[in-house]
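In what follows, a single structure is set out as structure tokens and then discussed.
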Amino acid sequence: MRFENTADYALRLDQEDPLRHYREEFHFPQVKGKDVIYFTGNSLGLQPKSAQRFVDDIMKDWRELAVEGHFYAEKPWWDYHERLAPALARIVGARIREVSVMNTLTVNLHLLMVSFYRPHGKRYKILCEEKAFPSDQYMLQSQLKFHGYDPGEALIEVRKRPGEHHWRTEDILQAIESHRGELALVLMGGVNYYNGQVLDMAAITKAGKAAGAMVGWDLAHAAGNVHLALHDWEVDFASWCSYKYMNSGPGNASGIFVHEKHQADPDIPRFEGWWGTKRETRFLMQPRFDPIESADAWQVSNPPVLALAPYLASLELFEQAGMDALIAKRDRIVAYLEFVLGEVDRQVESTFEIITPPGARGCQLSVFLHGEGRPLFDYLMQNGVITDWREPNVIRLAPAPFYCSYTDMYRFGEILKQGILERTGA
Ligand SMILES: *Cc1c(COP(=O)(O)O)cnc(C)c1O
């Protein structure tokens, strides 16, 4: 496909975009009286306009029904979380009984490691990617220490090759192979937060299982962004936050996946609470834990219903649009963004380097701005482009297909060009 870097051409792409109306379903921040160009849906998704109504409904039921809302609200609270499962299952490629919502991401990974990190004998090591998201590093290190291991020895971090900005699948598979027999767990980020790389989750899961390890995925940057087939890939467990591509609101509840095959195991270790016990007997307040035969068995407490409300609002939009359509637009808008960057690069003789590897991209392009610094980033922000900056000089651009337009990409290119020209005095 040949693109053009003109306003007319971008508008034509917008007119052909079957998802263009979804832009109207979200609130945009304003800079200088105009909607911003929002590139940080990978960090905090925009607010769906319907979210307010979903929250208001809970507030109203609480006001008018108080405790009776648990059973008599229009959407009763005691099983409110179950309303989210069908959409989540479709988004992550799972059976409905394999997903649940609870807590927040890092907390959930810790809880899932109670079940799926079970070191014994020589098999105690954990494999992850180097420079994993800091929370994941702290989590893995503290889990290892909790079990009496030295993270320096027991945590295997797969490196990128010198001079390269991405991981090679063959290197990851090789690392798994060379530690086979010692690996208790492979736990990685499905989409890397820094370079935007989508790892080959199917191949890595297969290799991890073949090496006798459990395999889990942190899907913070993957859920709602890339194709996932957790059930078919035979992933053991996974978790994701909902406030990035899933647009559920700051710090909001996380989702989990536990493969069906683990749910029948009566001896699986797990930290338990009353919301994981069978719904039929939950309110009999019996002393014995009787697990729900679904991922809900991992729920500990009764869920924060007020928080689930905007998450449910957002999932309705995912159900309407469908992941296939979102992914199709994502690929096209990311390709157009890459084209626009290339045009700007040529016109101002700058040197952008896209470090997100072709063939392993989701919604995000991470761009090294050689010779450009923080002032350019500040210029973008002041001119209505919301992006983020990672040291040393990488900007991450994630044009979320739900609400970003091709015209946004064109306008971004013009602002970027102007910013570079103004500061180089050309
Ligand atoms: C965003 C992100 C997190 C955030 O964790 P919380 O527990 O939700 O604060 C964790 N891991 C990765 C890979 C992330 O991208």
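Here the Cβ of each residue, glycine as well, is placed from N, Cα and C on the backbone.
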Site co-member for pyridoxal 5'-phosphate according to TrEMBL, given LEU105, THR106, PHE133, PRO134, SER135, ASP136, ASP218, HIS221, TRP274, ASN302, out of TYR72, TYR149, TYR243: TYR243
Distance-selected binding-site residues near ligand 1 (C-beta under 6 Å), from PHE133, SER135, ASP218, TYR243, ASN302: PHE133, SER135, ASP218
Rounded Cα separation (Å) that holds between ASN302 (pyridoxal 5'-phosphate binding site) and LYS244 (N6-(pyridoxal phosphate)lysine): 23
Close in space, distant in sequence - LYS244 (N6-(pyridoxal phosphate)lysine), Cβ under 8 Å, 6 or more apart: GLY41, ASN42, SER43, LEU44, GLY45, ALA220, HIS221, ALA223, GLY224, ASN225
